[in-house]
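Peer 1: Straight out of TrEMBL:
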BINDING   Gln32, Pro33, Ser34, Gly40, Asn41, Gly174, Ser175, Asp176, Ile213, Lys222, Met223, Ser224, Lys225, Ser226  ATP binding site
MOTIF     33-41  motif ''HIGH' region'
BINDING   Asp162  L-tryptophan binding site
MOTIF     222-226  motif ''KMSKS' region'
Amino acid sequence: MILRIYINILDIYNILHYLTYFTMKKLLSAIQPSNQLTLGNYFGAIKQYVALQHQYESYIFIADLHAITNPKVDYSTLKQNKINAVCLYTACGIDLKLNHVFYQSDVPSHTELAHILMCHTYMGELSRMTQYKDKMQKFTNANGTETIPAGLFTYPVLMASDILLYDAEVVPVGSDQKQHLELTKTLALRFNKKYGNTFVVPNPLIAKFGSKIMDLANPEIKMSKSNTNEKGTIFLLEDIEITRKKIMSAKTDSLNKVKFDQLNQPGVSNLMTIYHLLTQISMEEIESKYANQNYGVFKKDLADLVCNHLGNIQAKYHECLKEYETKIKPILIANTKIVNEITNKKLQEIYKKIGMK
């Protein structure tokens, strides 16, 4: 009798678990294939994924097709960098199974839908993308000629395809990607109006703190691996003593007062944001804690926090690399099979809508 009741309770639990899963909103996000991820990437994306992975039906892919839109990409290291990215995200707390992690190039539907969407996108819309305008300057030669890759121009369309394939309702993005998501919404609405309800219109998820960690040497710009002064960027896999030196030499101001004031004290406000994200201590509490302390004391405490955190991530990362072939790769293969079934079904629906099937 007791055994029967116990089994029934387990059945009810499993039913409720699956009902909860299938009523979850869908979340879609992408990972750059690199082991050169920064503290900005960690707080702006990875840490959010870890916090959200039990709240959504998540799909996270390694964006290797997006990577080659940069003509400077090193093809000799691309394959290994994809593996590095998977292991680094795993080390940071991403559950590969729970988030259906996979390689973008292993799912052909992404590029098929991108072509269809490209046929419904206007040149003017793409040329107005702020990121495109910024990046095209790097491909303008001294004589005025341009060598801008077409893939860079159509990047937002592939991004729209990535999102719309999964009927994703939520997309975690940095503030610099919000314009691309707005284009995705525009394309979804345009397609739905022309062919009938097909795509879910996604919404951005932008964190209040952490979506944009600023450069330590120049707090007026975003922390990035491409910044010319590497002293301003903390890499997740760099030697932690180098990290410590970068934090101790981070630009602040002459006020020597730990106060969150992004307008007048951008440097120390950036450091306080990092402190807050690592400890969950509020800005008011941080200000109170260091009210009678100088920047040196605050920086030392922050450096200890960051270095301890990165040390743990690095240990898990190297362990994951050792286990990639035996433990990680089989999970990715299984995820890819599931994802291809989902996207093929969606693509067939789209082909029928546009009269191809």
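Cβ atoms here come from the backbone N, Cα and C positions, even for glycine.
In TrEMBL, annotation is done automatically, which means it is predicted and not curated.
Give me the local environment of each listed feature.
Peer 2: The local packing around Gln32 (ATP binding site), expressed as other Cβ atoms within 10 Å of its Cβ over all shown chains, amounts to 18.
Averaged over the motif ''HIGH' region' (33-41), the predicted model reaches a pLDDT of 87.
All chains included, 26 other C-beta atoms sit within 10 angstroms of the C-beta of Asp162 (L-tryptophan binding site).
Taking H, G and I as helix, E and B as strand and the rest as coil, DSSP gives the motif ''KMSKS' region' (222-226) the counts 0 helix, 1 strand, 4 coil.
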Peer 1: Can you count the other CB atoms that lie within 10 A of the CB of Ile213 (ATP binding site)?
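Peer 2: The answer is 26.
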Peer 1: At 10 angstroms around each C-beta, which of the binding-site residues Ser34, Asn41 has the fewest other C-beta atoms nearby?
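Peer 2: Across Ser34, Asn41, these binding-site residues, the one with fewest Cβ atoms within 10 Å is Ser34.
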Peer 1: Could you break down the residues of the motif ''HIGH' region' (33-41) into DSSP helix, strand and coil, giving a count for each?
Peer 2: 3 helix, 1 strand, 5 coil
Peer 1: Just the number: how many Å between the Cα atoms of Ile213 (ATP binding site) and Asp162 (L-tryptophan binding site)?
Peer 2: 25
